[in-house]
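Right, one structure below, let's go through it.
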């Protein structure tokens, strides 16, 4: 079953701004929240669908990906890794605003904030894209502190619950009928009070580190494809899991081939004598050189399709399409020029031997005849 459009789910136009999207989400989430619908399966499914749509549309980068590629941008498998596990939308703030203590509030747990997703752009050659390759990359990211193992405290130091938020990392404030939830200003969301902060990370639990990674690039990738390396993003706060690393592929321009999907295109120059008489020409392919017969009376612009000689991706092999370009000889000596003049004279008036020229001249004659009427 095809997934519904995210904008349709929230009932907003594609050009809606962030405020409109948030407003629509609040209204629908209030309507279908499980605490209100009490076991209604259909409402639960709608609530999940609403959350999924908001996760994407509330994040600028993910929304841009969705606008360009639709649901395919977040599907796993194939050349581009899908988005799995979003961290862009802050549902805690929204639900704090909407529900607060209305549905048995007052209970608050410390949030586990997954680390940020990271992006790395990599440039590869067409040959590497076609056959697949391994690339060594270097990224600077946040990792859990090796001294305190992410706790933020020196060995033997006391770690107590924050007296302000009581370990929740969030504080709530009553505003008329609603309750707002915000990051605790004293512990900055950690929910902890550390007696003696770690000397390495200064109580943060994370440190910056340069990491060397090897990325396996599958065969058939193209510019814009993304590879998802799960858990290779920034480390989360308070020992929370790391985000993901997205490697974005950029294929360099090739000096011979142009790519369109799985098909490759190239120009093949031949002499005008070969075009007239036929012959054999050597064509470059991704598998090596290939000899191809040029039929007699070939015109410039003719396309030769070599099936299966393009790019193979996901089990499908594209074609190599060669466009014939007839070259005009230059720097002729007098003897050569005279031979060409004799050839030209021998073809004068013989329309069957000059199909393009005769057709053009007939068209010009008709054009001027019509002007004179």
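Backbone N, Cα and C define each Cβ position, glycine as well.
Residues annotated as Zn(2+) 2 binding site in Swiss-Prot, with sequence analysis given as evidence: 162, 165, 184, 187. The domain 'J' annotation in Swiss-Prot covers 5-70. Sequence annotations record features per position, and here Swiss-Prot assigns repeat 'CXXCXGXG motif' to 145-152, 162-169, 184-191, 198-205. Annotated zinc finger per Swiss-Prot: 132-210, in sequence order.
Below 8 angstroms of C-beta separation, residues 159, 190, 192, 194, 197-201, 203-207, 235, 238-239 of the same chain, each at least six residues beyond the ends of the repeat 'CXXCXGXG motif' (145-152), sit close to that stretch. Note: the repeat 'CXXCXGXG motif' (184-191) comprises 0 helix, 0 strand, 8 coil (DSSP; helix = H, G, I, strand = E, B).
Other Cβ atoms within 10 Å of the Cβ of residue 187 (Zn(2+) 2 binding site) number 22 in total over all chains.
A count of other CB atoms within 10 A of each Cβ picks out 165 as the most crowded of the binding-site residues 165, 184. Each residue in the repeat 'CXXCXGXG motif' (162-169) has a pLDDT score, and their mean in this model is 84. Taking the centre of the Cβ atoms of 162, 165, 184, 187 as the Zn(2+) 2 site, the nearby residues of that chain (Cβ within 8 Å, site residues left out) are 161, 163, 164, 166, 167, 168, 169, 170, 171, 185, 186, 188, 189, 190, 191, 192, 193.
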